[in-house]
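According to Swiss-Prot, the features are:
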type	residues	note
DISULFID	3-20	disulfide bond
DISULFID	14-41	disulfide bond
DISULFID	26-30	disulfide bond
DISULFID	45-56	disulfide bond
DISULFID	57-62	disulfide bond
């Protein structure tokens with residue numbers, strides 16, 4: 001499987017059986033910049049703390065960097 005990996009947001013090969021993930025959360029600059037985003041791959045979908053959004057998927061490049069809605 002190929003997943004996008006931060007910080008470069010490049011597509012990289014991950015080991016067989018891994019899943020891609022997109023993790024998003026707010027930091028002190030959330031109001032100005034939007035949520036922080038972490039892209040990667042893991043053996044299983046990571047467990048996250050409250051307030052952190054995680055999406056996992058298992059097809060090539062299924063975790064692109066989310067686009068921010070313009071108002």
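Heads up, the Cβ atoms here are built off N, Cα and C, so glycines get one too.
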*asked:* For a quick check of packing: other C-beta atoms within 10 Å of the C-beta of residue 57 (disulfide bond), how many?
replied: 15
*Which site among 20, 30, 45, 56 has the most other CB atoms no more than 10 Å from its CB, taking these as disulfide-bonded residues?*
20
_Sparsest-packed of the listed disulfide-bonded residues (14, 26) - C-beta count within 10 angstroms_ = 26
*Nearest-integer angstrom distance between the alpha carbons (Cα) of residue 20 (disulfide bond) and residue 41 (disulfide bond)*: 4
*What is the interatomic distance between the Cα atoms of residue 30 (disulfide bond) and residue 41 (disulfide bond), given in whole Å?*
24
*How far is it from residue 3 (disulfide bond) to residue 57 (disulfide bond), counting Cα to Cα, in Å?*
9
_Most crowded position, judged by CB atoms within 10 A, among 3, 41, 62 as disulfide-bonded residues_ = 3
*DSSP three-state assignment for residue 30 (disulfide bond)*: helix
*Integer Å distance between the CA atoms belonging to residue 62 (disulfide bond) and residue 26 (disulfide bond)*: 22
_residue 56 (disulfide bond) versus residue 41 (disulfide bond) - Cα distance in angstrom_ = 9
*Take the C-alpha atoms of residue 45 (disulfide bond) and residue 62 (disulfide bond) and report the distance between them in angstrom, rounded.*
14
